[in-house]
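Novice: Sharing the features that TrEMBL gives for it:
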DOMAIN    29-416  domain 'Major facilitator superfamily (MFS) profile'
TRANSMEM  26-48  transmembrane segment
TRANSMEM  68-91  transmembrane segment
TRANSMEM  98-118  transmembrane segment
TRANSMEM  124-144  transmembrane segment
TRANSMEM  156-175  transmembrane segment
TRANSMEM  244-266  transmembrane segment
TRANSMEM  273-293  transmembrane segment
TRANSMEM  322-342  transmembrane segment
TRANSMEM  354-373  transmembrane segment
TRANSMEM  393-412  transmembrane segment
């Protein structure tokens, strides 16, 4: 190995002598950035209580039919796909902090448009704007947090991105119990407004500042985040309805509980173990859910347009109570399994494994793919269940989960406790 090669393997921001920083402001900065994912989760969860509210609304308020409701729910993912591409450019050219500041604007503007909406197009336009912000936030927040955190807490702080997303979803569900759609949209303006305020006082990430040849600013950022800039080295720059509402709240609570559990154990159990365990749980839960629909096929509730709480309430209580509990248990098990691994960890890994020169483009491509697939699933799931029947759709999901487990075992490296430069060196074979 040449001296130049040795220099390139040095951590961009790594402590000398094995000591780890313990500044508390890094947690404040991570919280400020995580308000973006909180807003993201609220935007995703908003449609669940808002659609029934809009269907009850009297003129001159907009009214949603079945097709309009599907677009109202799905169009946010199209905006997020575009936001992923835009965020990939912003994160490299404008920086991590400015990208987070900018993404707060379409969040606030989108919910403001929805609040003032007098027709369907204003509703869809507002959702599209919030989706754009979701795409940017889902890309930039994990990058910002991973670059300000030291290895001992990067798993904890990184998984808080998904924790804030599901907390935002739960907040939307809970607020939807008491607020109509306009006031719910007003509430949606609050988290991004706080993010805009707090991020004004947070620094840019030291890694990005060093990549821009701004050493003094990087040292000041270290001082702010970690309490001291001593003992840190700089490498060469070349280195790199009430039943339905209750079910929604239960889902949200399970998501928050198990995502929080994942955050607490992430840096001890490791990413690969949690991904594998999560995938196995998802395989069994989706298989069991498919079995439930297969066993109840031909009954009074057989329909591809499944409203699970209503579906369960229509089953004969003397013969199908056990099957009803199979459905509820499968749903809860899937949510718990997803929240432990496949919910938070891909976003964390995405922010860890890509080297600095291509991080914006690569994470943008990942976010675009994620949101395009989310749009397809959201928009076409009912059609898929018409073609495959409900049990077939869930068994297809089980097959994808099996593939995810195999991919994790074969291809995903463990990044627990490693610096970002060590992770990059792994992929480069160094």
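Every residue gets a Cβ built from N, Cα and C, even glycine.
If you look at the structure here, what lies around each of the features I listed?
Specialist: Residues 29, 33-34, 36-37, 39-40, 43-44, 46-47, 71-72, 75-88, 90-91, 96-97, 99-100, 102-107, 109-115, 117, 158, 161, 185, 188, 192, 205, 347-348, 350-351, 359, 363-364, 367-368, 370-371 of the same chain lie 6+ residues outside the transmembrane segment (124-144) yet bring a C-beta within less than 8 angstroms of a C-beta in it.
Through the fold, the transmembrane segment (273-293) approaches residues 262, 265-266, 306, 323, 326-327, 329-331, 333-334, 336-338, 340-343, 345, 389-395, 397-398, 401-402, 404-405, 408-409, 412 of its own chain, all at least 6 residues removed from its boundaries and within a Cβ separation under 8 Å.
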Novice: Ranking 68-91, 98-118, 156-175, 322-342, 393-412 by Cβ pairs under 8 Å to the transmembrane segment (26-48), which is first?
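Specialist: The stretch with the most contacts is 156-175.
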